[in-house]
Amino acid sequence: MERIETWKEKIEKRLNEILKPEGPEELIEAMKYYPLQKGKRIRPLFTVAVASALGGNEDDAITVGSGIELIHNYSLIHDDLPCMDNDVWRRGLPTCHIKFGEAMALLAGDALLTYTFEVLSQRENYKTLSCEEILEINKIIAQKAGSNGMVGGQVLDIKGYEDLYEVSVKKTGALFEACFMCGAVVAKRREKLKEMESIGRKVGLLFQMVDDYLDKDGFYEKLGECLKEEIKKLYEELKEKEIFKESQELRYLLDLIYKRIT
């Protein structure tokens with residue numbers, strides 16, 4: 001879809017614009033290693049699509065979505081570490097700790113996380129948002145990425161917590177909640193926050209279920225091929241939500257997730 005591709009190009013450009021931290025050269029190189037690789041950018045695209053559907057400024061949504069993408073990439077750096085998933089390849093390239101060393105990768109993730117909030121908190125990076133709205137966006141992202149969100153979900157995962165729904169809602173769904181909620185804040189539609197939080201959670205759950213089906217782990221280990229039917233039910237439920245009916249771009253992004261298994 002042409003509009004999605006345009007947004008994606010703008011997200012790539014914005015990531016390059018905002019990712020200019022200062023510090024030791026090797027640390028900066030490690031911080032940039034994941035975010036500047038070409039990716040799906042599904043999270044910032046959802047942020048922009050929600051903001052657009054609700055009447056928000058697309059440039060501001062691109063800035064916020066790019067920040068969420070940086071948070072996502074910091075989490076990937078840490079997830080790949082030997083003490084977590086111990087992965088050696090990501091996107092066809094050596095993982096951050098393989099290329100830069102374990103200690104540098106750990107520090108790069110830390111620095112990327114803190115730098116993201118430095119960028120997102122600067123008024124000059126936005127066109128239409130008030131200081132109050134910027135503060136709210138930072139609070140939402142901090143909560144959804146933190147101990148009761150993405151990081152908390154990772155803890156449940158490495159501890160072998162059996163409730164896959166709760167693990168997935170926190171580990172994957174929380175950051176999608178942030179995408180949808182921040183889209184509403186950008187659009188100055190705070191009355192939509194609870195609704196967007198709920199929809200974002202379900203989109204994140206759909207994303208995780210599709211991943212598990214393709215990787216044959218997680219939900220697939222519990223449900224087997226029945227998982228495909230559960231995915232279809234959740235997809236059909238989301239399609240009936242008003243915001244998906246009204247936004248061609250949101251439907252397209254939802255289809256991108258679902259069609260990976262069809």
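Counting begins at 1 with the first residue displayed.
Cβ from N, Cα, C; glycine included.
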(2E)-geranyl diphosphate binding, same site as Arg90, Lys171, Thr172 - Swiss-Prot member from Gln37, Gln208, Gln248: Gln208
Round to the nearest Å and give the CA-to-CA distance linking Arg90 ((2E)-geranyl diphosphate binding site) with Lys40 (isopentenyl diphosphate binding site). 13
Pairwise C-alpha maximum, in angstrom, for the residues (Arg90, Lys171, Thr172, Gln208) that bind (2E)-geranyl diphosphate according to the record: 19
Check: same-chain CB within 8 A of isopentenyl diphosphate site center, minus Lys40, Arg43, His72, Arg91: Gly39, Arg41, Ile42, Glu69, Asn73, Leu76
